[in-house]
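Visitor: Okay, these came from TrEMBL:
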{"type": "BINDING", "residues": "CYS15, CYS51, CYS82", "note": "[4Fe-4S] cluster 1 binding site"}
{"type": "BINDING", "residues": "CYS154, CYS158, CYS161", "note": "[4Fe-4S] cluster 2 binding site"}
{"type": "DOMAIN", "residues": "6-118", "note": "domain 'MTTase N-terminal'"}
{"type": "DOMAIN", "residues": "140-369", "note": "domain 'Radical SAM core'"}
{"type": "DOMAIN", "residues": "372-433", "note": "domain 'TRAM'"}
Amino acid sequence: MKPTPKTFHVKSFGCQMNVYDGERMGELMAAQGMTATDDANAADLVVLNTCHIREKATEKVYSDIGRLRKHGKDPMIAVAGCVAQAEGAEIVARAKVDVVVGPQAYHNLPELVAQAASGNAALDTDMPATAKFGALPARRKVGPSAFLTVQEGCDKFCTYCVVPYTRGAEISRPFDTIIDEAKALVDAGAREITLLGQNVNAWDDAAGNGLHGLIHALDRIEGLHRIRYTTSHPNDMREGLIRAHAEIGKLMPFLHLPVQAGSDRVLKAMNRSHTRDSYLRILDRVRAVRPDIALSGDFIVGFPHESDAEFEETLSLVDAVGYAQCFSFKYSPRPGTPAAEMTDGFVPAEVMDERLQRLQAHLNRDQAAFNAATLGKRCTVLIERKGKLPGQMLGKSPWLQSVHLTTDAQIGDLVEVDIVRADPNSLAGMERMRVAA
Ligand code: 5AD
Ligand code: SF4
């Protein structure tokens, strides 16, 4: 039996939605009177908010539990997130943790912690649509750039992916609750809001307004200066959303639209339901209305049976697009997914390594070129934190590049800068004027 915790620490792994969920769990525990601590080893309760997307991410949770047991103060351990959803009671059996709570059930965390304090391991992996949002405390204190989950789950069932199993079916949060939360975030200090969803551009309401309708409504919130959204699926890229990139000044010129691979045969085996060409045509339409848009994507190399020639098609797609930044991964078989059964086509580790290196060389080259092309441009920067040097502040350009500048502007200020230096991973800006302080 462990005493009722007084202090807690939340550690989030994986995607931005986990960051959002982690913040909300923190707010929930603070509302119960617990105090947050930055030091996991000093906390009475540690929440590991886990990621199941690749094997490496999953294994991290077990090594973290081991480390906490060794260096921590024998805390109560709660495993939350997608590993909790996927492995459920197995985690209690394997690692003797106190609480296991899935991504749709974390509003019940206080009760689960109370149950664990009374000596019984507590498990909740129910998936009641959007119930949790209504049960969470209001947003009070956030940084200048905040996340807001508007959509969860996925019905696409790409053959490599666990998300449809861990996050459930696609659901959209109701319009009004999103607008209310956005206003609360702005009141709490947010200048930029990134709308989150596994398929964020599948967001819709009964009236069929689509994500662009929601963005138009957010555009009217005074004090909100920037809007972003991620992650989108090519098949949900509606005309209205594309046009929104031309119509709405607050909508930042950035689109994360994963393609995963460049070969139609591989895309079909992945069950992506778009082709190389249909994907490229979407990007053409987006670029037609917003020529400066920064494009981003995700790639998987070494999907089962991927041949050398098929991998070359991924490289040629990358060369054709010219991405501003991307994420790229080696295929990782996930239990329960169709691709994990394709064992006769598994690509050897050294081939995957080589493909990933080659892909990343192309992506790094294009990122450096994209950054170089911003040299001399004038743009706004939202200041997010202090830099390492005295007087230096760090923020983001509209195209999501990191920009450092010397300024007396404060966190949360928007400044207009000239880009005076472009490096492969960041830019330097020279302040021209304060846009909003
Ligand atoms: N192996 C490797 N990468 C994966 N992703 C999803 N599932 C897997 C897997 N089994 C990648 C995809 C997705 C991103 C979030 O993670 O590129 O877009
Ligand atoms: Fe996974 Fe595909 Fe759904 Fe994205 S669209 S979350 S890759 S199943």
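From the backbone N, Cα and C atoms, a Cβ is placed for every residue, glycine too.
Keep in mind it's a predicted model, so treat the numbers as computed, not measured.
What's the neighbourhood like for each of these?
Guide: All chains included, 20 other C-beta atoms sit within 10 angstroms of the C-beta of CYS15 ([4Fe-4S] cluster 1 binding site).
There are 23 other Cβ atoms within 10 Å of the Cβ belonging to CYS154 ([4Fe-4S] cluster 2 binding site).
Averaged across the domain 'Radical SAM core' (140-369), the predicted model reaches a pLDDT of 97.
Across the domain 'TRAM' (372-433), DSSP helix (H, G, I), strand (E, B) and coil residues number 2 helix, 35 strand, 25 coil.
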Visitor: Suppose we screen the binding-site residues CYS15, CYS51, CYS82 by Cβ distance to ligand 2 with a cut-off under 6 Å; which survive, in sequence order?
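Guide: None, as no Cβ falls under 6 Å.
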Visitor: Here are some binding-site residues: CYS51, CYS82, CYS158, CYS161. Which one has the most Cβ atoms within 10 Å of its Cβ?
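Guide: Max Cβ neighbours within 10 Å, all protein chains included: CYS82.
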Visitor: Could you state the CA-to-CA distance between CYS158 ([4Fe-4S] cluster 2 binding site) and CYS82 ([4Fe-4S] cluster 1 binding site) to the nearest Å?
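Guide: Roughly 17 Å, rounded to the nearest whole number.
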Visitor: Going through the binding-site residues CYS51, CYS82, CYS154, CYS161 in sequence order, which have a CB under 6 Å from an atom of ligand 1?
Guide: CYS161
Visitor: What is the three-state DSSP composition of the domain 'MTTase N-terminal' (6-118), stated as helix, strand and coil residue counts?
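Guide: Grouping H, G, I as helix and E, B as strand yields 62 helix, 22 strand, 29 coil.
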Visitor: Around the [4Fe-4S] cluster 2 site recorded as CYS154, CYS158, CYS161, what other same-chain residues have a C-beta within 8 angstroms of the site's C-beta center?
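Guide: Counting only non-site residues, the set is LYS156, PHE157, TYR160, VAL162, VAL163, PRO164, GLN198.
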Visitor: Show, in sequence order, which residues other than CYS15, CYS51, CYS82 on the same chain lie with their Cβ within 8 Å of the centre of the Cβ atoms of the [4Fe-4S] cluster 1 site.
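Guide: For the [4Fe-4S] cluster 1 site the neighbour list reads PHE13, GLY14, MET17, ASN18, THR50, HIS52, ILE53, ALA57, GLY81, THR166.
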